[in-house]
Amino acid sequence: MRKIIHVDMDCFFAAVEMRDNPALRDIPIAIGGSRERRGVISTANYPARKFGVRSAMPTGMALKLCPHLTLLPGRFDAYKEASNHIREIFSRYTSRIEPLSLDEAYLDVTDSVHCHGSATLIAQEIRQTIFNELQLTASAGVAPVKFLAKIASDMNKPNGQFVITPAEVPAFLQTLPLEKIPGVGKVSAAKLEAMGLRTCGDVQKCDLVILLKRFGKFGRILWERSQGIDERDVNSERLRKSVGVERTMAEDIHHWSECEAIIERLYPELERRLAKVKPDLLIARQGVKLKFDDFQQTTQEHVWPRLNKADLIATARKTWDERRGGRGVRLVGLHVTLLDPQMERQLVLGL
């Protein structure tokens, strides 16, 4: 049985700012773009969250909820430095590390000899070491599979951890709401509830054929997760090849103005996700995806070295006009393909 730890730093960007400037510790702060530039919140500290300020929220809305919010532009060099230090701490316990972003990672400690092989004690020690060396807090989840470790890391935030032992998995899944499973959004959750499926226990009683017919390949993933099955390895060589964001509408849209409005809402989230993965990364291409009411989908990409909203909107409009054919649109997505690190290195060396 595997021993997987998911470590998630607590409001990471904001925590670095509060550590480096103690005057910020007890006041609402957020990292994000300005209201004038239609920016979006990247991270908010817990005092700000008490006012309802959340990640991916438009800055203007955040300032309405919390007029005295202190808005910071972000210091990504400082965040990267802290992230690299945290990664080095992880490496003291295992070489099997899969970073998901600057502030979270999976660790496979199945074969680790530290702490007598106890994943629970390893997680506690890692969190304490991070605090001792960086004055930052982390939350952790421990479980025999990746998706449960990720869910567990959110159970006792901030600065806590939650353990799901192999023996506890069946009971934990029985009452686990389906929206806790990564990949189940509001639209999927609503469709599942319409089928009478609210928990993993409900899905366990459902015929796999029905799920496949209703949700395609995601139906199988949903069924497997509800059984506690997740065979994905912690991949130390994992390379993030793309970053994307998409929205499935509750009802199909038929007018370009509706599509453009969705892109306007998606774009700040794409910016936020890209910054979280690697703020200074060059991109190779950016593109759009439309999925139609007959479940056919089309993707259009352009070579573009930096994220550009105007180009994405123009690409989406061209795709809408040329490929929709009168069909309703049920999903709109934006994505960027990241530059191969070796190519990026060559470009840097060539300057």
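Each residue, glycine too, has its Cβ placed from N, Cα and C.
According to Swiss-Prot:
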DOMAIN    4-185  domain 'UmuC'
BINDING   ASP8, ASP103  Mg(2+) binding site
SITE      PHE13  site 'Substrate discrimination'
ACT_SITE  GLU104  active site
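Positions of the features from Swiss-Prot, shown on the structure.
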residue: ASP8; record: Mg(2+) binding site; CB count, 10 Å: 19
residue: PHE13; record: site 'Substrate discrimination'; CB count, 10 Å: 28
residue: ASP103; record: Mg(2+) binding site; CB count, 10 Å: 23
residue: GLU104; record: active site; CB count, 10 Å: 20
Exercise. Measure from the CA atom of PHE13 (site 'Substrate discrimination') to the CA atom of ASP103 (Mg(2+) binding site) and give the result in Å, rounded to a whole number.
Key: 9
Self-check item: Pairwise Cα distance for PHE13 (site 'Substrate discrimination')/the residue listed as 'active site' [Å, integer]
Solution: 12
Quiz prompt | Integer average pLDDT (0 to 100) for the domain 'UmuC' (4-185) | solution = 94
